[in-house]
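Annotated in TrEMBL:
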REGION    B:1-95  region 'Disordered'
COMPBIAS  B:17-30  compositional bias 'Basic residues'
COMPBIAS  B:31-40  compositional bias 'Basic and acidic residues'
COMPBIAS  B:47-76  compositional bias 'Basic and acidic residues'
TRANSMEM  B:203-225  transmembrane segment
TRANSMEM  B:284-302  transmembrane segment
TRANSMEM  B:376-397  transmembrane segment
TRANSMEM  B:417-438  transmembrane segment
TRANSMEM  B:450-470  transmembrane segment
DOMAIN    B:520-635  domain 'TMC'
TRANSMEM  B:597-619  transmembrane segment
TRANSMEM  B:640-661  transmembrane segment
TRANSMEM  B:697-721  transmembrane segment
COMPBIAS  B:739-749  compositional bias 'Basic and acidic residues'
REGION    B:739-815  region 'Disordered'
COMPBIAS  B:768-778  compositional bias 'Polar residues'
COMPBIAS  B:779-789  compositional bias 'Basic and acidic residues'
REGION    B:834-860  region 'Disordered'
COMPBIAS  B:851-860  compositional bias 'Gly residues'
Amino acid sequence: VCRLHGRYHEMAPNVVPMDYTKDPDVKLPMQLIINMPELKENPFKERIVGSFSEDGEGSLSFNDFVDMFSVLSEMAPRELKAIYAFKIYDFNTDNFICKSDLEQTLNKLTREELTAEEITLVCEKVIEEADMDGDGKLGFADFENMISKAPDFLSTFHIRI
Amino acid sequence: DDDSNEEDGGGQQNGASRRKNYQRKNRDRKKAGEEGSKQRDRGKKAPTKDQKESENKEKKTTRKGKEGENKQEKGRKNSISSTSSHSSDEESLSEEELAMLMEQVEQKKKLISTMRNKPWRMVKKLSVLREAQAFVEKFEGALGKGKGKKLYAYKMMMAKKWVKFKRDFENFKTQCIPWEMKIKEVESHFGSSVASYFIFLRWMYGVNLVLFGLIFGLVIIPEILMGMPYGSMPRKTVPRAEQATAMDFSVLWDFEGYIKYSALFYGYYNNQRTIGWLKYRLPMAYFMVGISVFGYSLMVVIRSMARNANESTADGDDDNFVFSWKMFTSWDYLIGNAETADNKFASITTSFKESIVDEQESNKDENIHLRRFLRVLANVLIICCLCGSGYLIYFVVKRSQTFSKMQNAGWYERNEVEIVMSLLGMFCPPLFETIAALENYHPRIGLKWQLGRIFALFLGNLYTFLLALMDDVNEKLAEEDVVKNITYWTLLGHHNLSVGNDSSATPPPLDPADVPRGPCWETTVGIEFVRLTVSDILVTFITILVGDFIRACFVRFVNYCWCWDLEAGFPSYAEFDISGNVLGLVFNQGMIWMGSFYAPGLVGINVLRLLTSMYFQCWAVMSSNVPHARVFKASKSNNFYMGLLLLILFLSLLPVAYTIMSLPPSFDCGPFSGKKRMYDVIQETIELDFPVFVAKIFSYVANPGLIIPAILLMVLAIYYLNSVSEAYQRANAELKKKMQMQREEEKNKRNNKASTNPMLQDLEDLLTPSTKTESNPKQAEDKKTESPERTSPVRKPGKGGVLNGSPMTSGRGAAFIPPSHVFVTQPLALGVRAPYPGQPRPRGHPMGLIPGRGRGQPRY
């Protein structure tokens with residue numbers, strides 16, 4: 001944690017206090033955090049920070065910061081990671097991954113190199129594969145069921161710090 | 001309001017001492033809070049995984065390494081506990097309250113231990129945690145009341161101390177892990193699969209370090225410190241004939257000369273039963289350490305395999321979720337470098353496009369026969385190569401024996417064996433790859449074949465080498481008898497001479513350098529292995545230097561004045577060859593295992609090698625390699641490499657065990673000299689060092705009449721466990737099937753009211769054929785394609801959504817619909833079927849392989 005605090009501090013030395021015993025209320029804005037080297041190249045960086053942020057605007061207090069890296073670490077259990085992954089990929093935060101969420105994910109992943117037809121095809125396929133209850137979008141149960149069988153989920157959904 | 005309740009409770013809990021009814025109120029509130037949290041548990045599937053077992057025992061749960069916060073909490077807790085202990089002293093609780101309390105305390109403890117796995121906000125977690133901890137603190141003291149309070153409190157305190165100690169130790173261990181930052185750097189540039197090689201290297205380094213510690217501490221150090229020094233005995237001295245050249249670098253490089261007669265090799269060790277004032281039994285220690293090297297390695301490898309197997313859940317070859325997995329798990333969050341990210345984006349795009357194309361196109365028209373012929377041809381060619389290389393090595397080793405008898409052998413002749421083996425190792429794998437291009441397999445399967453072939457190549461080489469070595473050994477054994485005689489007569493002669501010259505009773509001892517020496521075959525074997533290892537190291541380093549670094553320099557600098565673009569075209573930059581490197585590491589380890597019994601210093605050399613290799617390869621990778629164009633998942637390969645390691649371990653155990661059991665040790669060198677067989681040392685130790693009854697016990701235990709039934713028992717146990725595991729797997733599959741069916745039922749319930757279980761459908765049709773006829777086509781219209789393993793592609797516009805829905809049910813149903821409708825639905829059903837050769841089977845086989853899914857579908 002001291003290491004994390006060091007990183008947190010060096011992002012904004014004049015704002016973040018060294019001493020946390022008095023529980024200061026300090027938040028770092030999203031812009032600073034997504035410039036961290038670990039997150040810089042990640043296409044989902046805004047969503048990651050957003051889903052751990054308490055005030056919904058993307059600012060992270062130190063607690064949230066620790067939370068984020070703890071979930072993304074190697075030691076976090078699969079279910080916990082699945083919960084947060086669901087939150088991250090749910091762009092419109094309606095607790096469902098609907099088609100538009102999928103489209104946005106895909107665009108971020110491929111940097112919009114796919115044609116519109118290909119995008120719709122892929123999104124439809126995903127819904128077809130994973131949607132169990134037939135509502136046309138992925139609820140958490142669908143997502144979790146699908147991701148728990150994925151062999152690489154644990155190794156890719158992991159940030160080392 | 002649950003939250004606010006808990007916050008309030010927490011706040012009040014931090015206060016001073018309480019009265020009994022207030023405690024009750026709190027208890028109720030706690031209960032409500034716990035109910036809420038329990039429901040949340042159910043909702044969020046609170047897990048307690050095995051990997052968290054050490055943390056489950058913790059009462060104070062903070063995140064990994066959260067020392068700073070912890071100290072604050074501890075401070076706070078201490079203040080609470082001091083106040084609460086005062087309060088609890090004044091209270092006295094009745095039996096049932098005690099039991100209820102205990103239950104609550106247990107619940108709280110459980111909550112604390114699973115706190116990490118809850119997806120709550122940090123602030124909430126912290127407050128719930130503090131409040132739960134305070135509760136536990138407070139009432140634990142109270143629980144101990146009445147019966148054995150002191151003992152209970154003591155137990156609790158010890159438990160807490162133990163938990164704290166364990167956590168500190170874990171923290172310390174995590175900090176001790178070397179090279180974490182380096183690996184992270186590599187990871188961020190190259191992705192997780194390349195980094196997995198370095199993690200494997202680090203693990204090997206750890207294992208080797210332990211082995212080195214064992215050997216060094218228990219064998220080498222005692223001999224050096226407490227054994228006879230250099231020059232005191234024939235076996236420890238360079239013979240007179242060689243003394244002139246013993247210090248030459250070329251001789252030392254061949255591990256002859258002074259190095260041969262040092263503690264690095266078997267021949268140096270004295271066969272004195274006990275040495276030094278500690279009465280350290282060196283021969284026994286040597287033998288036991290040799291065995292425990294294998295034992296420890298076996299244990300470590302199997303433990304690692306078991307851990308890997310636990311983590312990789314269920315079926316990795318599940319094809320049901322190809323697109324979903326691609327979408328959600330293809331981005332590697334470890335990437336932190338812009339160039340790598342670009343690469344990754346490109347590869348993701350490519351893989352999506354590939355899958356889309358595979359989805360859309362129908363089966364290619366393949367010429368099966370041509371393909372089979374080509375594959376057989378390729379295999380034949382490769383077998384020829386393997387045999388050829390085996391023969392070459394045999395030939396070369398034979399030649400080297402004649403060379404060693406020659407007087408002026410040049411440098412090449414002396415090192416021919418090693419050079420040939422290294423060259424084979426360098427050139428055959430690419431040869432195999434080019435031949436494998438004939439086979440036209442899917443890349444992942446192709447990789448497996450390639451690895452298997454390289455493995456066979458190395459294995460063949462190693463065993464041929466060993467066979468040739470065995471010939472050598474046998475020769476030496478024959479020679480030994482001759483030398484024994486010579487030595488005996490020389491000593492006798494010298495004795496007679498000296499006695500004859502003066503009348504002193506004790507003859508002056510012959511200078512050790514002059515005593516004729518037997519051909520110590522064990523040392524020779526040790527030397528061979530060490531030389532092989534060293535040359536392997538050199539070849540690896542040179543390959544990396546030339547193959548990667550020089551190539552990169554060449555491409556970078558000469559590109560300016562070259563006709564075609566070197567970077568994109570022919571040489572370009574090298575990609576990091578993960579499988580080649582891992583195999584090299586595995587085989588190197590095999591050689592170490594084989595040679596360490598005869599050359600105790602070999603493990604030390606290996607430790608040095610791994611250390612330098614780590615830094616060297618990290619540097620080489622960062623400076624001269626480019627990330628892979630095609631991304632390969634390393635996830636399941638981990639166990640594959642461990643399996644290889646295990647196999648190599650067994651294979652390297654065999655020669656050593658054989659030589660221990662069946663060859664007599666040399667008569668004048670090594671710790672077992674003078675014995676008939678090496679394992680006689682155990683017999684000796686038992687007879688002389690242990691009390692008499694132990695010897696009797698061992699003789700009973702070693703009785704074949706006891707051993708054979710024991711082996712039979714173990715075989716039976718294996719069979720039983722195997723069948724139990726098979727039963728579990730079947731039960732697993734059944735449950736999965738059930739879940740699938742349930743889900744499909746639910747889905748179809750939403751879409752239309754009828755069940756689509758074909759058997760039920762048939763039954764229904766049978767019972768009421770007339771009424772069903774009208775409704776069936778309608779149902780066929782309404783149904784969409786459902787179940788998860790369907791891979792029916794985008795609806796072709798021509799057919800519309802009408803009959804695409806449930807072609808198979810309509811097909812099935814059609815069979816039972818009275819003839820008037822058969823002609824209507826069946827042709828359509830057939831028509832629907834034809835252009836979709838990849839149509840999945842009826843739902844009766846949800847778990848079966850789906851036929852004819854686009855060939856060459858990339859599997860990750």
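Every residue, even glycine, has its Cβ placed from backbone N, Cα and C.
Most Cβ pairs under 8 Å to the transmembrane segment (B:284-302), among the stretches B:376-397, B:450-470, B:597-619, B:640-661, belong to B:640-661. With a cut-off of 8 Å on Cβ pairs spaced 6 or more residues apart, the transmembrane segment (B:376-397) and the transmembrane segment (B:417-438) reach 3 or more such pairs and are scored as touching. Summarising model confidence by region, the domain 'TMC' (B:520-635) averages a pLDDT of 81. Tertiary neighbourhood of the transmembrane segment (B:597-619): same-chain residues 179, 182, 185-186, 198, 201-202, 204-205, 208-209, 211-212, 215-216, 219-220, 262-266, 290, 293, 522-523, 525-527, 529-530, 533-534, 537, 540-541, 544, 581, 588-589, 656, 660, selected by CB-CB distance under 8 Å and a gap of 6+ residues from either end. Panel annotation: around the transmembrane segment (B:203-225), residues 263, 268-270, 275-276, 280, 282, 285-286, 289, 292-293, 296-297, 300, 304, 585, 589, 592, 596, 600-601, 603-604, 606-607, 610-611, 614 of the same chain, lying at least six beyond its termini, place a Cβ under 8 Å from a Cβ of the stretch. Long-range contacts of the transmembrane segment (B:640-661) within the same chain: residues 200, 290, 294, 297-298, 301-302, 304-305, 308, 451, 455, 459, 462, 466, 473, 525, 582-583, 586-587, 589-591, 593-594, 597, 677-679, each at least 6 residues beyond the stretch ends and with a Cβ under 8 Å from a Cβ of the stretch. Residues of the domain 'TMC' (B:520-635) grouped by DSSP class, helix first, strand second and coil last, total 82 helix, 4 strand, 30 coil. Secondary structure of the compositional bias 'Basic and acidic residues' (B:739-749) per DSSP, as helix, strand and coil residue counts: 11 helix, 0 strand, 0 coil.
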